[in-house]
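One structure below.
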Amino acid sequence: MAPLGYFLLLCSLKQALGSYPIWWSLAVGPQYSSLGSQPILCASIPGLVPKQLRFCRNYVEIMPSVAEGIKIGIQECQHQFRGRRWNCTTVHDSLAIFGPVLDKATRESAFVHAIASAGVAFAVTRSCAEGTAAICGCSSRHQGSPGKGWKWGGCSEDIEFGGMVSREFADARENRPDARSAMNRHNNEAGRQAIASHMHLKCKCHGLSGSCEVKTCWWSQPDFRAIGDFLKDKYDSASEMVVEKHRESRGWVETLRPRYTYFKVPTERDLVYYEASPNFCEPNPETGSFGTRDRTCNVSSHGIDGCDLLCCGRGHNARAERRREKCRCVFHWCCYVSCQECTRVYDVHTCK
């Protein structure tokens, strides 16, 4: 069997045996484009537990936004990790879209759960504010009285509704009394808290001749890039935990506690994990690592995106790459821009 075929087969087997959130595949599958118009497709979304299936049928008109949220979460993950050994690669020929990487309770798994949960809350909240779903809209729960010279107006985005959708849908399968479910619930909530803590006021001036006699203000979500940056910082400072078992009336329950007591206890906005990450230097179908061979590296950087670290000490190749680009652009009155086309040579460095 070819290496890629073996890799995909192993991915499929591992997701079937584990608790992989394979419903994330709805963001890249054929269901994504038609989910809102055909409610019966809820039953065809892979990996849904009964509670998620009921939620899908009850809120089918916002399910395209759920799919969109997963999609923007994946895209943001790939942006944030573009210069890392693990660059949030997805496997589009498998329902387990990240391969076996998320089978372990690592920092990477913590980040992916957080950014996906945040993406769902973000996309649903935005969709409601845009009026694309009849069951939701703008928020009427303003925080505080208007200040001097301004009043509440516009459409405050309803992050409480978006957060509820994310919580009810994403957390539905995380109800087992084991450590991994506890970790996933915590990191899902950290993603939602990232959105809620970054809500900010936007205001618009009203008055004669452009004056600002009065302002109307509303609550708005940040750009999702700010959420990605915030959660990436949380990834870098994630709290390592240990698993503890204790007996309750329902049986044995696993909980998490910080491994190191001299560090601060993680808050609901922090990411947590309890298993070490692989180094991702070499291809390994067991861990889901694709390795870093042929990855572009930054020869002038001493960081993780630099050739020394990204290439794991194997060295790198260099080549000259010619690119045709627009150049010497001139604005003409009125109103167009004319450009010439130039060939430029760039040095490209890739890992051996």
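Note: Cβ is positioned from N, Cα and C throughout, glycine not excepted.
The signal peptide annotation in Swiss-Prot covers 1-18.
When secondary structure is read from DSSP and collapsed to three states, C77 (disulfide bond) falls in the helix class. What Swiss-Prot records for C77-C88 (among others) is disulfide bond.
Within 10 Å of the C-beta of N87 (N-linked glycosylation site) we count 17 further C-beta atoms, all protein chains included. According to Swiss-Prot, the feature N-linked glycosylation site maps to N87 (among others).
For the recorded site, C128 (disulfide bond), the DSSP three-state label reads helix. The disulfide bond annotation in Swiss-Prot covers C128-C136 (among others), and the record cites similarity to another entry as its basis.
Residues or ranges marked as disulfide bond by Swiss-Prot on the basis of similarity to another entry: C138-C155 (among others). Cβ neighbours of C155 (disulfide bond) (same chain, under 8 Å, six or more residues apart in sequence): A129, G137, C138, W218.
For C203 (disulfide bond), other Cβ atoms within 10 Å of its Cβ number 15. Positions annotated as disulfide bond by Swiss-Prot, on the basis of similarity to another entry: C203-C217 (among others).
Here Swiss-Prot flags C205-C212 (among others) as disulfide bond. The number of other CB atoms found within 10 A of the CB of C212 (disulfide bond), across every protein chain shown, is 12.
Look at Swiss-Prot and you will find S209 tagged as O-palmitoleoyl serine, backed by experimental evidence.
The DSSP secondary structure for C281 (disulfide bond) is coil. Spatially close to C281 (disulfide bond) yet at least six residues away along the chain are R85, S289, G291, T292, C312, R314, judged by Cβ distances under 8 angstroms. Feature annotation from Swiss-Prot assigns disulfide bond to C281-C312 (among others).
Counting only same-chain residues six or more apart in sequence, the Cβ atoms lying under 8 angstroms from the Cβ of C297 (disulfide bond) belong to D305, G306, C307, L310, C311, H316, H349, T350, C351. What Swiss-Prot lists as disulfide bond is C297-C307 (among others).
Taking Cβ-Cβ distances under 8 Å and a sequence gap of 6 or more within the same chain, the neighbours of N298 (N-linked glycosylation site) are G83, D305, G306, C307, L310, H349. Feature annotation from Swiss-Prot assigns N-linked glycosylation site to N298 (among others).
In the three-state DSSP classification, C351 (disulfide bond) falls within a strand. The Cβ of C351 (disulfide bond) has 20 neighbouring Cβ atoms from other residues within 10 Å, across all protein chains displayed. Taken from Swiss-Prot, the feature disulfide bond applies to C311-C351 (among others), supported by similarity to another entry.
What Swiss-Prot lists as disulfide bond is C327-C342 (among others), and the listing cites similarity to another entry. The number of other CB atoms found within 10 A of the CB of C342 (disulfide bond), across every protein chain shown, is 11. When secondary structure is read from DSSP and collapsed to three states, C342 (disulfide bond) falls in the strand class.
Under the heading disulfide bond, Swiss-Prot lists C329-C339 (among others). The Cβ of C339 (disulfide bond) has 11 neighbouring Cβ atoms from other residues within 10 Å, across all protein chains displayed.
Residues annotated as disulfide bond in Swiss-Prot, with similarity to another entry given as evidence: C334-C335 (among others). Counting only same-chain residues six or more apart in sequence, none has a Cβ lying under 8 angstroms from the Cβ of C335 (disulfide bond). DSSP gives C335 (disulfide bond) a coil state; it is part of no helix or strand.
The C-beta environment of C88 (disulfide bond), restricted to residues of the same chain at least 6 apart in sequence and closer than 8 Å, consists of I74, C77, Q78, Q80, F81, F98, V112. Sequence-distant neighbours of C329 (disulfide bond) (same chain, six or more apart, CB under 8 Å from its CB) are V337, S338, C339, Q340, listed in sequence order.
The Cβ of C327 (disulfide bond) lies under 8 Å from the Cβ of C339, Q340, E341, C342, R344, each of which sits 6+ residues away along the same chain. Each residue contributes its Cα atom, and for C212 (disulfide bond) and C203 (disulfide bond) those atoms are 11 Å apart. Checked against N87 (N-linked glycosylation site), the disulfide-bonded residues C136, C203, C217 differ in C-alpha distance, with C136 being the nearest.
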